[in-house]
């Protein structure tokens, strides 16, 4: 990592997380896809009985790595982890991961300790763009006392440093004895139902097969062609985001920045302006900001290439008058070559995430994209991984794996759909702010982290609902999910419908039935 930038789109050392670097001397990697429990210096979870299900993971992002870990713990054979990049890519900066996604870490002592040591328990505050204070400092709603008492897993701070969280997953994968195969780009997926296999064709012409192929390779995964026949088209939100992270000491060289934040150790502030907002994060060693304006130029692309000049961001910022001078000063402290410009694009959610025979299954962004400002993309990808591994365990054998993937799909689709709709609620909250309502009751400005999301345990839910889902798919028995807002009558929706409501001046939050709090 370059000293002046954090989380840039450059492949790291592909050998850093080779198993031999993380295992005690004299231990070796097994070749049958079961990893190893021969390490002396790690604390591994108890592994469930082997199922004999061979799983090939395509994509070594957070969803793919959690799939690897949980599939190993649930007794499945990991026959490969394929990644298109030439090494681990530490793109990204500060992320929100909600408790539902990491309750499973109670089974992974090393990762639980790592997360608790490395996360940032920043206070959260809300400001008007002029500098007028709105609300805070406070905690995210998922850390209110009423929710902490019964929580399984680690304490979850408001902010995770993406690179640190991702390295935690890479370390744990290496400790199991698995090696990510880099430079392996999937160009097409297939399945042979008669043979009971799914497969992937790589750019090199190599073919790999398994009982279950997990497409965790992100946006525009070629698994879409097998499953849906086409890539899901995008629709612009009319917004984009500029994001960056760099050492705190660089920001503190500016006098105006020092005056505002020098005495602040750990804070996450949201500054709300007309049609735009900026999130500002400070830890003891990192500063990060994400500025979300109207995308007036349409020049942003879905790429983590840090190719934006800070002065261009300042120009966008100052399209709205009366910003507190500290914000423009902070933006100018970003080093050149450290700012990513990303469009906020929506994709309608498809109901089907598996191939017809169930041997190829999608998770994370390949199944359901979330815009980077949603605070939910990583959470739902990790929930996917936990759910899929548990469903395969309950399937119990390779011959039952295709039905297990379809049960996973059934358990996840409606919940993810509702989570995506919450992204619109939070977007309107920050860009179409009801100031009369906020000044009358400032707590209403808080980012929405609903109980039905953060109090969920995807592993327990899969255990509880698998049998009912099985009966529904096999025999047509009634089935109802319970992992979305209580009292909500689920109806599939489209981005076009939501935008029609927004353009009619309606608040998405006001149109929601049931308890979305």
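Glycine too: its Cβ is placed from the backbone N, Cα and C atoms.
As annotated by Swiss-Prot, active site applies to 243 (among others), with the evidence given as similarity to another entry. Note on residue 243 (active site): other Cβ atoms within 10 Å of its Cβ, all shown chains, come to 25.
Swiss-Prot lists 270 (among others) with the feature active site. According to DSSP, residue 270 (active site) sits within a strand segment. Shown in sequence order, 124, 125, 126, 127, 277, 278, 279, 280, 430, 445, 447 are the residues of the chain, 6+ apart in sequence, with a C-beta less than 8 angstroms from the C-beta of residue 270 (active site).
The feature FAD binding site is assigned by Swiss-Prot to 96, 162, 365, 378. Every protein chain shown contributes to the tally, and the Cβ of residue 96 (FAD binding site) ends up with 21 other Cβ atoms within 10 Å.
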